[in-house]
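These come from TrEMBL:
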type     : residues : note
DOMAIN   : 21-172   : domain 'Casparian strip membrane protein'
TRANSMEM : 25-45    : transmembrane segment
TRANSMEM : 70-96    : transmembrane segment
TRANSMEM : 160-184  : transmembrane segment
Amino acid sequence: MTSNGEGGEVVAKRRRKGIKELVQVALRGGCLAASATAMAVMLTATEEGVADIYGFKLTLSSNWSFSPSYQYVVGACAGTVLYSLLQLYLGVYRLVTRSPITPSRFQAWLCFTSDQLFCYLMMSAGSAGSGVTNLNKTGIRHTPLPDFCKTLSSFCNHVALSLLLVFLSFIFLASSSFFTVLVLSTP
């Protein structure tokens, strides 16, 4: 091959690597945005209302802090926000200085492991919160208590949106982990 052909291959390979690195940074930014928004929406989930149960007026009040599952969601989001902020800072810094996002295989494995840890943390938090939210929506069937979300619909909508964003954050982390595997699979 000529040196022009080899030079073209090097440029193409460098361009593909640059696109992968941009995608990794974008995924970190998406995860940060989704996690921070999920936490903010959950922290604003509070409402009071009056329910009519067999003719009796019952005042209901709800706040995210009343449920350990929702507290877990907020804690997991806070941890993921900090992790994503650190990774985003490092990624942008390395893009600006034109150094590789993952300079060594050890660091790629460390990123992969950390992404997986936070990925499963977010999935766990979203699942825990979904169970409580489902109970709030359907009510307890073997008791005369109606579903909670008829009376406190704003609270339930806040929680549902927050959990949707938690699962979106999980998708961003899983995708970032996938791109780290691509980095590890290339020689």
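Glycine is no exception: its Cβ is also placed from the backbone N, Cα and C atoms.
Please treat TrEMBL annotations as automatic predictions, because they have not gone through curation.
Through the fold, the transmembrane segment (70-96) approaches residues 21-22, 24-25, 28-29, 31-32, 35-36, 38-39, 42-43, 45, 64, 103, 111, 114, 118, 121-122, 124-126, 128-129, 132, 159, 162-163, 166, 169, 173 of its own chain, all at least 6 residues removed from its boundaries and within a Cβ separation under 8 Å. With a threshold of 8 Å between CB atoms, the same-chain residues lying at least 6 positions outside the transmembrane segment (160-184) that come near it are 20, 23-24, 27-28, 30-31, 34-35, 37-39, 41-42, 45, 73, 76-77, 80, 101-102, 105, 108-109, 111-112, 115-116, 118-119, 122-123, 125-126, 129-130, 133.
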